[in-house]
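A.B. asks: The following block contains the structure, expressed as structure tokens.
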Amino acid sequence: MLKTYRGKVVVSLAGATVTCLGFLLFLSQHQRIQADGMQNESEVGLRSLQSLGDSETDDGAQPEQNAKKGFSAYFSKLTRSRREADKPSEAPGAATDAPPAEDISADDIFIAVKTTKKFHRSRLDLLLDTWISRNMRQTYIFTDGEDEELKKKIGSHAINTNCSAAHSRQALSCKMAVEYDKFIESGKKWFCHVDDDNYVNTKTLVKLLSNYPHTQDMYIGKPSLDRPIEATERLGDNKMRPVNFWFATGGAGFCISRGLALKMSPWASGGHFMNTAEKIRLPDDCTIGYIIESVLGVSLTRSSLFHSHLENLQQVSKSEVHKQITLSYGMFENKRNIINMKGAFSVEEDPSRFKSVHCLLYPDTPWCPPQVAY
């Protein structure tokens, strides 16, 4: 019986040994395949680097120099790629054929126009005669002084913020704080801010915003910088930390969904907006970007359909004017910066070109000359 038991033990040990050897053989083969694959990938990467070096050096250069240049070009390319990846996502064009995410009308939009009393006649009257005349119900003018003539034209939508008339970050942030609170009170779906040197095409604005549910976190506009802005956040107790974020320039206009605006409340409602602006010591539009991107972690959605006087407006094609959402005017590199278009009026009669743009979009306007060729 003892012999039988020993025989069984020997058989079991032999079987286990064979199984173990088989597993080790399989593992060895698998590791060899992985190593070969890694070697192939390394060779492909090295060839890519070498090709970069070869393409950028002369025939007489040393191999070591080629490799250095190859690595330098490779990592420069990586840096550019990362920078591109960090840029805000692009909004679809307003004329997209995709079905709207939400059916909205101009009445769902709260358009805030920031101005100052000294520009009521020179800038604001032009807007009242053009695009605001078609959008009285949607437009609210935020200024810093009483104006009975303005009230006669737009009634309670002329809002005296009682903020300073200075063009300081505190005064600008004061007006933005009032804009935000009035929007929340309105119950409208979208908040859009523009300046008193912007023409707003509400038709294309409605088309763009209809691509997104107003309950979704949306921050849409155009940066004036080609990189995130760098700032210092003051944390209290003399502690500070660096922050960087994208922001949409207020000079081109930007829009915020109601869903996102409500989330901004702890940092924007009441007097909180001005306190937040002081934390980073930057103007109103930068503070909006700080709250949305740096605090709430929502990315800016870039749209090329918004335009400010900070860009070369001559580059806006005449044939594309009707597709834009906002336009502007001013000076660029010491030259008149306006939309370059043949319109209903001469440049002397219409230096901003807003009247000509308006007659292009609304030829039935009583003061527009009939049958104008654009």
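Backbone N, Cα and C atoms are what each Cβ position is placed from, and that goes for glycine too.
The active site annotation in Swiss-Prot covers Asp285, and the record cites similarity to another entry as its basis. The Mn(2+) binding site annotation in Swiss-Prot covers Asp197, His309 and rests on similarity to another entry. Look at Swiss-Prot and you will find Cys163-Cys174, Cys192-Cys255, Cys359-Cys368 tagged as disulfide bond. Summarising the annotation, Swiss-Prot assigns N-linked glycosylation site to Asn40, Asn162. What Swiss-Prot lists as region 'Disordered' is 80-100. Taken from Swiss-Prot, the feature topological domain 'Cytoplasmic' applies to 1-8.
Please go over these features one by one and say how buried each is and what sits next to it.
C.D. replies: Taking Cβ-Cβ distances under 8 Å and a sequence separation of 6 or more, the neighbours of Asp285 (active site) in its chain are Met176, His193, Phe247, Ala248, Thr249, Gly250, Gly251, Phe254.
Its Cβ placed at the centre, Asp197 (Mn(2+) binding site) has 20 other Cβ atoms within 10 Å.
DSSP assigns Cys163 (disulfide bond) to coil in the three-state reduction, placing it in neither a helix nor a strand. With a cut-off of 8 Å between CB atoms and residues at least 6 apart in sequence, the same chain places Asp144, Ala171, Cys174, Lys175, Val178 near Cys163 (disulfide bond), listed in sequence order.
Taking the Cβ of Cys192 (disulfide bond) as centre and 10 Å as the limit, one finds 26 other Cβ atoms among all the protein chains shown.
A simple way to gauge crowding: the CB of Cys368 (disulfide bond) has 18 other CB atoms within 10 angstroms, across all the protein chains here.
Long-range C-beta contacts of Asn162 (N-linked glycosylation site), restricted to its own chain and to partners at least six residues apart, with a cutoff below 8 Å, comprise Asp144.
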A.B. asks: Tell me whether Cys255 (disulfide bond) sits in a helix, a strand or coil according to DSSP.
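C.D. replies: Reduced to three states, the DSSP call for Cys255 (disulfide bond) is strand.
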A.B. asks: When you tally the Cβ atoms that lie within 10 Å of each candidate's Cβ, which of the disulfide-bonded residues (Cys174, Cys255, Cys359) has the highest tally?
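C.D. replies: Output for this query is Cys255.
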A.B. asks: Using DSSP with the three-state reduction, classify Cys359 (disulfide bond) as helix, strand or coil.
C.D. replies: helix
A.B. asks: How many Å lie between the Cα of Cys359 (disulfide bond) and the Cα of Asp197 (Mn(2+) binding site)?
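C.D. replies: If we compare the Cα positions of Cys359 (disulfide bond) and Asp197 (Mn(2+) binding site), the gap is 18 Å.
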A.B. asks: Note the mean pLDDT of the topological domain 'Cytoplasmic' (1-8), expressed as a whole number.
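C.D. replies: Taking every residue in the topological domain 'Cytoplasmic' (1-8) and averaging pLDDT yields 44.
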A.B. asks: Other than its own, how many Cβ atoms are within 10 Å of the Cβ belonging to His309 (Mn(2+) binding site)?
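C.D. replies: Total other Cβ atoms inside 10 Å, all chains included: 20.
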